[in-house]
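A.B. asks: Here it is: the structure, laid out below.
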Amino acid sequence: MNKILTVAQMVFKKRIRSAVYYWMILAPLFFLALTFGIAKFTMSQAEKSLPRIAIVAPQPLKKVLEQSHGKKYRVKSSVTPTTYAQQKQVLKKGKVDGILVISPNFERVQYLYNSDAQATNPVPALQAQLTALRSQTIAAQAGIDSATWQKIIGKVKINQHAFQQKDTVNQTDRATADGLGKGMVLVAFLFLTSYVSIVGAEIGNEKSNHLIEGILAAVPARKHFAGKMLGIGALVVLQIIIYAVLGIIGQVILKNKYPDLYRPIKQFMANISSQYLFVAVILTLLTVALYVFLTAMIAAFVSRNEDISQATSMVTSLMFIPYILGFVLGSNPNMLIAKILGYVPFFSFGVMPVRLAMGAVPYWAGYVACALALVGAIAMYWCAAIVYERNAFAYSNIGPLKAIINKILRK
C-alpha cells in the first residue's frame, strides 16, 4: 500500500506543479465567462439596434403607442416633426430611424425611415399594434365596450393537463433539466479531453523512454498502475474541490453585489431535482473514470513517443459519440439507439440525462445506468491493470491500434 501511495504522490506533485494543470482548471471557467460575455454583448447590441421612432398622431393614440411599444422599438417623444419638410430634416440628421404618421381614424398610416439606418424594421410590430388599436376604435364607435370587445377578439384558453409517469422529472422542470444535462456532457467532455492527455503522457512516456524497466524493478506493475490511477484521481478530486470553492465564492459575490444576475441562477437550480442532479453527476464521474482507464489500457501498447497522440486520439474520437448524441437525441429521446445506449457505460452519460430530462424514463432507469457504469468502471480498471502488467516490457515498431488488433487476433 505504501508503494501505491508513493507513486500516487509522485504523480500528484508532478502535475500540481505544472502550469498546464491550472490552465486545465481555468479553461472551462474561461469558456463559461466568454460565453456569458458574448451573451451579454449580444443582448446589449440587440437593445441598441432597436429603432428609434417619432410618432405624429392624435394625442390619445400617440400616448397609447408610447406606453405599449414593448421591446420592438423605442419612441422619442421629444421629436415631433409635423410637416413633411421637418420629417425629412429629422431623418437626415439621424435624430430618429423612422417616423410613424397616423391621421385621425386611421385614414392614412405612413412610416418614413432612413434607408441607411442599421436598426431593425419595426413595421411588423407596428402593424399588429395599429390593427388592434383600429379595431378597438371602430368597436367603440359602434357602441361596443372594451370588455365585450376583448371577449370577441380574445384567444380561447386551453388548460393543459399532462399525465406523466411516476418518479420522472416534472413537466415544468424538463427544459431546465435538459439544459443542465447538456451542460454536464460539455463539462465531462472538457474534463476528459484534459485527463486523457495526462494519462496518455503518464503511461506512454515512461514506456517509450524506457524508464519503466527501472521503475518496475522497485514497484510491481499492478501497484505502479494503481498508484498512477490514484494520483490522477486525486487531481480530479482537487479540481472538483476548487470548482466547489469558486462556486461558493461566486454565489456570495453575486448574491450581495449582483442580485439581478443571482436570481435567475437561483431559480434555475431550484428547478433541478436532487435525484436528477445525483444521476447526472455520478454518471459523469464514472464516465471520466471509464475513459481514463481505457486510455491507460491503450497507452500500455505505446512503444514510441509519437504513438502517444495516436493512443489518445482513439479515445477522444470515441468520446465524440456520446457528446454528439446528447445534443441530437433531445428532440427524440425514445429512439431505439437512445434506449440502448442509455445503459451502455461509455455512452450513458450523454444519453441517460437527456432521456431523464425529457421524462422518457423514470429515475430508477438512471440508477440502473449508474450501477452499470460502476460495474463497467471496475471491469475497465481490472482489464487495464492486466494489460498494463503484460505489456510493460513489450516493445514493437507498430502503432497501438495495430498492436491491439494483433493481440485480439493472437498474432
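All residue numbers here begin at 1 and follow the chain in the order shown.
Backbone N, Cα and C atoms are what each Cβ position is placed from, and that goes for glycine too.
Not my notes, these are from TrEMBL:
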type	residues	note
TRANSMEM	20-39	transmembrane segment
DOMAIN	23-385	domain 'ABC-2 type transporter transmembrane'
TRANSMEM	183-201	transmembrane segment
TRANSMEM	229-254	transmembrane segment
TRANSMEM	275-302	transmembrane segment
TRANSMEM	308-328	transmembrane segment
TRANSMEM	340-358	transmembrane segment
TRANSMEM	364-388	transmembrane segment
A.B. asks: How about the transmembrane segment (20-39) and the transmembrane segment (308-328): do they have 3 or more C-beta pairs under 8 A, pairs 6 or more apart in sequence?
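C.D. replies: Judged by the Cβ rule, the two regions do not touch, with the required three close pairs absent.
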A.B. asks: Are the transmembrane segment (308-328) and the transmembrane segment (183-201) near each other by the rule of at least 3 C-beta pairs under 8 angstroms (pairs 6 or more apart)?
C.D. replies: yes
A.B. asks: Please give the sequence-distant neighbours of the transmembrane segment (275-302): residues at least 6 beyond its ends with Cβ less than 8 Å from one of its Cβ atoms.
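C.D. replies: Tertiary neighbours of the transmembrane segment (275-302) are 169, 177, 180-181, 184, 187-188, 191-192, 195-196, 199-200, 202-204, 207-208, 225, 228-229, 232-233, 236, 308, 311-312, 314-315, 318-319, 322, 345-346, 348-349, 352-353, 356-357, 363, 366-367, 369-370, 373-374, 376-377, 380-381, 383-384, 387-388, 391-392, 394, 400, 403-404, 407.
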A.B. asks: Would you confirm whether the transmembrane segment (340-358) and the transmembrane segment (364-388) meet the contact rule of 3 or more C-beta pairs below 8 angstroms, pairs 6 or more apart in sequence?
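C.D. replies: Taking Cβ pairs at least 6 residues apart, the transmembrane segment (364-388) and the transmembrane segment (340-358) are in contact, with 3 or more under 8 Å.
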